[in-house]
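What TrEMBL annotates here:
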{"type": "SIGNAL", "residues": "1-33", "note": "signal peptide"}
{"type": "DOMAIN", "residues": "52-147", "note": "domain 'Ig-like'"}
{"type": "DOMAIN", "residues": "152-238", "note": "domain 'Ig-like'"}
{"type": "DOMAIN", "residues": "241-336", "note": "domain 'Ig-like'"}
{"type": "DOMAIN", "residues": "341-426", "note": "domain 'Ig-like'"}
{"type": "REGION", "residues": "1045-1090", "note": "region 'Disordered'"}
{"type": "COMPBIAS", "residues": "1079-1090", "note": "compositional bias 'Polar residues'"}
{"type": "TRANSMEM", "residues": "1097-1121", "note": "transmembrane segment"}
{"type": "REGION", "residues": "1167-1318", "note": "region 'Disordered'"}
{"type": "COMPBIAS", "residues": "1184-1200", "note": "compositional bias 'Polar residues'"}
{"type": "COMPBIAS", "residues": "1237-1262", "note": "compositional bias 'Polar residues'"}
{"type": "COMPBIAS", "residues": "1270-1289", "note": "compositional bias 'Polar residues'"}
{"type": "COMPBIAS", "residues": "1306-1315", "note": "compositional bias 'Pro residues'"}
Amino acid sequence: MAAERGARRLLSTSSFWLCCLLLLGRRAPDAAAARSGSPPQSPGSSIRTFTPFYFLVEPMDTLSTRGSSVVLNCSAYSEPSPKIEWKKDGTFLNLVSDDRRQLLPDGSLFISSVVHSKHNKPDEGYYQCVATVESLGTIVSRTAKLTVAGLPRFASQPEHSSVYAGDSAILNCEVNADLVPFVRWEQNRQPLLLDDRVLKLPSGTLVISNTTEGDGGLYRCIVESGGPPKYSDEAELKVLPGSKVTSNLVFLKQPSSLVRVIGQSAVLPCVASGLPLPTIRWMKNEEALDTESSERLVLLAGGSLEISDMTKDDAGTYFCVADNGNETIEAQAELTVQAQPEFLKQPTNIYAHESMDIVFECEVTGKPTPTVKWVKNGDMVIPSDYFKIVKEHNLQVLGLVKSDEGFYQCIAENDVGNAQAGAQLIILEHDVAIPTLPPTSLTSATTDHLAPATSGPLPSAPRDVVASLVSTRFIKLTWRTPASDPHGDNLTYSVFYTKEGITRERIENTSHPGEMQVTIQNLMPATVYIFRVMAHNKHGSGESSAPLRVETQPEVQLPGPAPNIRAYATSPTSITVTWETPLSGNGEIQNYKLYYMEKGTDKEQDVDVSSHSHTINGLKKYTEYSFRVVAYNKHGPGVSTQDVAVQTLSDVPSAAPQNLSLEVRNSKSIMIHWQPPPLATQNGQITGYKIRYRKASRKSDVTETLVPGTQLSQLIEGLDRGTEYNFRVAALTVNGTGPATDWLSAETFESDLDETRVPEVPSSLHVRPLVTSIVVSWTPPENQNIVVRGYAIGYGIGSPHAQTIKVDYKQRYYTIENLDPSSHYVITLKAFNNVGEGIPLYESAVTRPHTVPDPTPMMPPVGVQASILSHDTIRITWADNSLPKHQKITDSRYYTVRWKTNIPANTKYKNANATTLSYLVTGLKANTLYEFSVMVTKGRRSSTWSMTAHGTTFELVPTSPPKDVTVVSKEGKPRTIIVNWQPPSEANGKITGYIIYYSTDVNAEIHDWVIEPVVGNRLTHQIQELTLDTPYYFKIQARNSKGMGPMSDAVQFRTPKASGSAGKGSRLPDLGSDYKTPMSGSNSPHGSPTSPLDSNMLLVVIISVGVITIVVVVIIAIFCTRRTTSHQKKKRAACKSVNGSHKYKGNAKDVKPPDLWIHHERLELKPIDKSPDPNPIMTDTPIPRNSQDITPVDNSMDSNIHQRRNSYRGHESEDSMSTLAGRRGMRPKMMMPFDSQPPQQSIRNTPSTDTMPASSSQTCCTDHQDPEGATSSSYLASSQEEDSGQSLPTAHVRPSHPLKSFAVPAIPPPGPPTYDPALPSTPLLSQQALNHHIHSMKTASIGTLGRSRPPMPVVVPSAPEVQETTRMLEDSESSYEPDELTKEMAHLEGLMKDLNAITTA
């Protein structure tokens, strides 16, 4: 196949180049001009043009056979025609007198009869075509390798085997890689036809898939490589009838790693056998390959994979997976794709003048990375001071001379191949302008343009050229303008310079016109240079100045080299180095640095030395080292000395010889073989080896034999028959004997036997099958006169070549272990000696089936753990008690992981298999509880499911918006709407709140919409104070602990037109200047209509509580008068600290309402009947508001009080908020916030003095004056239950203080009822204080939302027990003073007046 492809490729290539030649013949001069890039030549033009000179055909790598003819193609184009020569292995061939090799007219090399033998291979090698045109130059072609197939030798041959019908069979015939194209197969001595079922692998092995009865017979392979055909052994293939007994899955042929070149084809063999019959599939880098739809991937017979026309993307790891339903096995191989060198950028033709510097650019790619070398006119360019390799691949030529003209070629090589590209250099006379070349990207051929030339005077020589600055490494030159052009503004200059005695000049140009100085860099110290300067104007170059001779300064500041450096070995591990003081020290020598390096390495070490000698210790024995010395003075390191090399002394070897082996030749002699000690341990020249041997029975009687150092084997003769001997070997140097090997034993034969031929077949072979083993026994060959050195036992299912075991020649039985039950094994036995293996003896056996169940059933995995990694990923890990302690899986077991969630309840299990002790479960739902369990399977045995492990995935932001958003108008309240919705279908966690956006402009930016936060999982919200007869658009967004979800679609709602009913925010009737606003506030949006009977009951309860409180206060006052002065001071200090040291962030619009407890410390609110889901009352929310309306202001608050205030929140952690509008005198207004659930800690609020609410903590220490005209009013933030049938909550005051806290309920103002039924609402963040003309300032509710309750009847708890009462009385005694009680009494009087006002109202 490969040979046919090569022939077709050569034919197509030849046709292509033939067409090219015909086209070139037609185009003639035009084609040549285009190829060379030559411009049209006008009459009289003196510029030379580039000559087209290139290869039409280059030789290619060729495989040949001995005696056949070979043609290496080569053809070059040039005018005139070039001379073609050939090189082999770098040497020109003399083809004149060669009768086998001749040059064809087109330049190709013809070899009539290839000569090739074991010791004479004159034709095999590397060939290169060389084309030369006189007076023009030389170019060389790519290098082609001619390989001659060697003599046919079989690495493996077909062997007898049997196979069940339908299964696959393998017949080996492996030969040298270069002989594979010449291999063919025969069946029953007839040529075997290959088809889709019968395949010859690239190694020569024959694969027969889906075997039938007709496939049985005798097979052999033949190698026909030019000489007589070479036949392999014949092997019989038996096709057995199909069996229903299952057998283990095994690979008959596994893929092996390959290296191929882009464009080639590759075959990855993979053949598996087993019952049921397996199917083969392929994977690449863990991804399945689709061989059905791909044109380049083909599944061959048996399951092998062929990849044609390979690209670099085909490289990777390929997995062959065989599966028969019962088990799965896989094998892998690495495919490496290499690429021949290709040019990314080729050299281009260059015009230049003498003394200029040029660069030929060359950029290549390939895999492996190519190396680049340059050739000029067929000769290798050797880097020097003037020819340098820059930027890895480019060639720089400095200071051009006329002889540098010619053809330069860039040759790129790697392991795959080589390629060449060339360019021409033409050096023009100085009076000829350099043509301007267009960029190579604009034209396929180089086109040269002459610069426009004008006639006119040329400048004279520059004057007064001097070296104004001379250093060690650079020289600065200056000059004056030429006499012909005194101004010289338009003149440019070129400085030519060279070393004295060197003809190659270099050039340095000035950077801009009129500049008359230049600095020449990178010169050598103490070196004479010759300089001359030439001026240029628009007409051309002028005269050159007289040569200027300048010598650079020597580097005299640093020391010179240390003279007389010597080194000598003092021991096997040390060397001493001596030297003298440098002749030119240039000052005091401070120290020396001694550098040394082992030969063959590139790691140089150094040591600082202050004297003139030093000994280096710890060196390797008998190893060469190089040394050099550098002197240092105050300026730094000086010039290094030349390297001096010396070798450490030798020593006895430090290791024994390697690979000692014994071979019994006959009854009286044994051959010994060994290898030298490792090179690093020889420690000198091995001068010989000492062999010591003795009889095993007489260990004291030792015989010694010495052999030369070059000898690695020795025949020990004169031994006794049938006797066991021990041998050991030691290496010697001139220094002595090294360590010896361990003793090795061998026994001589009883009689002299023949070993000129292989042993005969063993006389008998018996097998005794067990369940998982087969006992094999045999007898030796009948002919006892032939040496038998051992026996080779081969066995396998259906084929004896799966496993091979070799045993000693004395052994007569062997037990084959670890077999599969109920499996048909074929067993072969061969005797072998040094000549080879004898004729095999075949036997087959079927292992017994399992008669009892496995006494060790599979144990389920234990320690199953679920580790949460993300919102959709959980890692499951477990342990397997049936594995060893290190938990390493060495068999074909696998694990099955299953998982499910109970939401919804009928969810089915999902399963996945794993071959390790962990599995990553992905694609799970967020915030969902899953249960996992694992089972293990090995063959047909499986365990039960393990104990379950549970894991809940992390939350994720909602991925869907709230649904079913509806907006309805509130009955009787045209400016109030109610928004209802349903939770998002994909909440991905607990919903902690919603945000309602609304606007009158649906196209407005989202940050311009009004925001209404809703805390918790409530599904309805009320928005008030909207504009009548106005369309509004609403969107809702859900949030959880991970963030905000998407917004719902906008819902439009138009508010109704104006009606006669008074809405919220309407002006209240004038109640007179003496009217005192009730605590609940007529403008409060929170409240409900109260019947007159309920109001009277509330008044009776409140008045009763007030009277009782006054009596208790009077009693407490008697105890307070007994407090000492010290207590007074402490209390005053404590009060000042409490009142002045704490701040609460808020402002006049964001103030906590005064609780108005009289000296309260603890409050616990306990409802009579706990409501499961109370709903706070809504707040008026007009549309003109945003987050900028809220400005934080600090309020004073005790840290303990602040903590307790934070604990007083509803089940949604909301703060109860209200606004205190005005106060009168020092009397605080008492307000009691209620909640459906008792707070966990008592509450103490200390509002800021900015809004001046009175509290007990403030009244104990400070006095405050009311602003004039301010009326006393406050708002009680309240909430009530939606269901009026529920029991009213009560305030329970813990009996921690004798003065009880109580609240005064608000009385609804006269007039139409303005309170709405309770609905979920955003509590007010702030409200303005009320004056006589009540004005309401509405703000958006943003941030943490508070909860509020309507005023409720107060149920006073029962009196505390005696012990607790006594403690409280003691507390009260320590807390009050007579003057403080006077103030408190004044506050109580004001309180009673307020109560009277409420009663009369």
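Every residue gets a Cβ built from N, Cα and C, even glycine.
TrEMBL labels come from automatic prediction, so no person has curated them.
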Across the domain 'Ig-like' (241-336), average pLDDT on the 0 to 100 scale: 85
The domain 'Ig-like' (241-336), counted residue by residue under DSSP: helix, strand, coil: 6 helix, 50 strand, 40 coil
Secondary structure content of the domain 'Ig-like' (52-147), with strand meaning DSSP E or B: 0 helix, 49 strand, 47 coil
The domain 'Ig-like' (341-426) - residue tally per DSSP class, helix then strand then coil: 3 helix, 50 strand, 33 coil
Residues of the domain 'Ig-like' (152-238) by DSSP state, where helix covers H, G and I: 9 helix, 35 strand, 43 coil
